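Right, one structure below, let's go through it.
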Amino acid sequence: MATERTLSIIKPDATRRNLTGKINAKFEDAGLRIVAQKRIHLTKAQAGEFYKVHAERPFYQELVDFMASEPVVVQVLEGDNAIAKNREVMGATNPADAESGTIRAEFAESVGENSVHGSDAPETAKEEIAYFFSGLELVG
Ligand code: CMP
């Protein structure tokens, strides 16, 4: 199995409810190693740039406003098949569809305020990690 890295964001609905530790425990219990992590408060411009692929979607402005509303924790997770593994641990985007035991089933409030983001493919993982972290911040 290939060792991969993926970008994860613990979103404002989760940081607000003090869920960072519980969410990190889910990652670590699944064998994902947190190799970089920082708590930041995104500006609307930074959130808009990160989610620009969704710029034409009707929920884009709501998404940007939400992601800039309160602090987030951005992190790099590493492990065997980390991208797919993280998506499994997160559960479906809409918590109503998420399997029990997943982060979104347990913690997410709605499809918009769904507690976590994770990269969806190797190329996006690379881009998303580089958006938030320099090579020096990735300590393995
Ligand atoms: P995320 O994995 O961060 O990627 C894009 C985000 O857009 C997604 O999680 C959701 O939080 C958000 N999103 C997707 N669909 C909707 C929707 N119908 N309404 C509001 N937000 C949405």
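Cβ atoms are placed via backbone N, Cα and C, with glycine included.
Note: TrEMBL annotation is automatic and uncurated.
Marked as domain 'Nucleoside diphosphate kinase-like' by TrEMBL: 3-140.
Taken from TrEMBL, the feature ATP binding site covers LYS11, PHE59, ARG87, THR93, ARG104, ASN114. Long-range Cβ neighbours of LYS11 (ATP binding site) (same chain, at least 6 residues apart, Cβ-Cβ under 8 Å): PHE66, MET67, VAL72, GLU113, ASN114, SER115, VAL116, HIS117.
Sequence annotations record features per position, and here TrEMBL assigns active site, pros-phosphohistidine intermediate to HIS117.
Non-local neighbourhood of ARG104 (ATP binding site): MET90, GLY91, ALA92, THR93, ASN94, PRO95, ALA98, ASN114, SER115, VAL116, each in the same chain, at least six residues away, with C-beta under 8 Å from its C-beta. Reduced to three states, the DSSP call for ARG104 (ATP binding site) is helix. Summarising the environment of PHE59 (ATP binding site), the number of other Cβ atoms within 10 Å of its Cβ, over all protein chains shown, is 12. In the structure shown, the C-beta of ASN114 has more C-beta neighbours within 10 angstroms than that of any other entry among the binding-site residues THR93, ASN114.
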